[in-house]
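S.K.: Pasting in a structure now, in structure tokens, and then I'll have a few things to ask.
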Amino acid sequence: MSTNGTLSKPEFPANAASKEYAASLDAADPFAGFREKFIIPSKANIASTKLAKPGLSSEPCIYFCGNSLGIQPKATQKYLEAQLDTWSSIGVCGHFTKIEDSPLKEWQNLAEQAAESMSKIVGAAPEEVAAMGTLTMNLHLLLASFFKPTATKRKILMDWKAFPSDHYAIESHLAWHHLDPKETMVLIGPDEGTYEIPTEKILSYIDQHADEAALILLPGIQYYTGQLFDIPKITEYAHSRGLIVGWDLAHAYANVPLKLHDWDVDFAAWCTYKYGNAGPGAMAGLFVHEKHGQVDYSEGEDAPKFRHRLTGWYGGDKSVRFKMDNKFKPIPGAGGYQISNPSAIDLACLCAALSVFDETSIAELRKKSVLMTAYLEYLLLKDTTDESRQFQIITPSDPAARGAQLSLLLKPGLLHKVAHRLQEAGIICDKREPGVVRVAPVPLYNTFTEIWMFVQQLKAALEG
């Protein structure tokens, strides 16, 4: 079983390259109404350097950058105002007082409100998810708990082009254990001249290093190429060879269906500001499988046994959290990995974003996403050849091996010119050195007509 099962690639009729056809797809879109739940930046505002209120310009930009930062849900202002009103009106009482007409729980239970909604997105029990921290911080906490090198098993396997923060985190944990990263960090990359890492190659690396590797950490979706890895197959195989398995789901969360519990993933972490739309630097999430989150009181209430982790008071069970007796009794599950009192303001933004997902499911959103990305690919490749195109799509063509993003590797020297031309045309997408434009139509708020318009502008920029 692959991460998303077998997906048939959509096929398009002869008139699919017309704007009218794109409009017909929009007319039939069951998610069209969700676009109204978001504030789309305007062309005028993205060209301005002054603080502006949304809605002052009626012409929206084309925002294909949800793989870097999602746009603001309209619910965010409502949730933030409710939180600020609670703080201003009752102060510290907000920790325990449930406000009847607020969309938010009291502060002591607010992280659980977010975790419950996130658990549906990642395919986990609510107790296996915690809303806390930021992505790299959470990876550090998880690695501190799960990376237990021995004299023989001390290597960590990861992908060759991991997001730099992941790379730094792994290096620092190896150094923390007095290990040389040059000897103990194993990078798995594609074959020369290619960009996709075949699942079989990952499995072969696991075989090659199984006797010396303690842990493997991979991205659910590779941030640069957009490749979606076969999470269940890799996890099952790594477990069979004795490795702990962790996943960085920064680009998979709220993008593709996940079943972390059923896939027996040991731990995972993700940010919520990309496809999750929770805001820049928003509070992140982590997953710890229930088998690792158990608390054993068989030797008495004062001698709980649990998986070692770095601890803080907010990971303590609520029944003893305020006793101040310095006897740590962790919350069972991922909640026991919490450290400090989380920001209620940040949680308000996260809960606002999650309220949109509570109205649908990732499985349903995925259907539209597969169609959108396939349509983008179709328009990009139509009436061109590998020789005539000034770009190469380095994202896998198989819908089951990618999410919303297509990564376009431009010919040398084109990146900055093309990115500038696109922004002048009111199109926001992400560029990554040395030459990649990452384009991510998001099913919650993007349209097929926008995809058609983007391709016209990209072709003009490449020809100009």
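In case you wondered, yes, glycine gets a Cβ from its N, Cα and C as well.
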S.K.: Name the one residue among TRP176, TRP263, TRP313 that Swiss-Prot lists for the same pyridoxal 5'-phosphate site as LEU135, THR136, PHE163, PRO164, SER165, ASP166, ASP248, HIS251, TYR273, ASN341.
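M.R.: Matched candidate out of TRP176, TRP263, TRP313, per Swiss-Prot for pyridoxal 5'-phosphate with LEU135, THR136, PHE163, PRO164, SER165, ASP166, ASP248, HIS251, TYR273, ASN341: TRP313.
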S.K.: Between ASP248 (pyridoxal 5'-phosphate binding site) and LYS274 (N6-(pyridoxal phosphate)lysine), what is the CA-CA distance rounded to a whole number of Å?
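M.R.: Rounded to a whole number, the Cα-Cα distance is 13 Å.
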S.K.: What is the nearest of the binding-site residues LEU135, PHE163, SER165, ASN341 to LYS274 (N6-(pyridoxal phosphate)lysine), using the Cα of each?
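M.R.: For LYS274 (N6-(pyridoxal phosphate)lysine), the closest Cα among LEU135, PHE163, SER165, ASN341 is found at LEU135.
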S.K.: Validating a neighbour-count step here. Other CB atoms within 10 A of the CB of ASP248 (pyridoxal 5'-phosphate binding site): how many?
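M.R.: Looking across every protein chain shown, the total is 29.
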S.K.: Which of the listed binding-site residues (PHE163, TYR273) has the least company, meaning the fewest other Cβ atoms within 10 Å of its Cβ?
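M.R.: Fewest other Cβ atoms within 10 Å, among the binding-site residues PHE163, TYR273, is found for PHE163.
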S.K.: Three-state secondary structure of ASP248 (pyridoxal 5'-phosphate binding site) from DSSP?
M.R.: strand
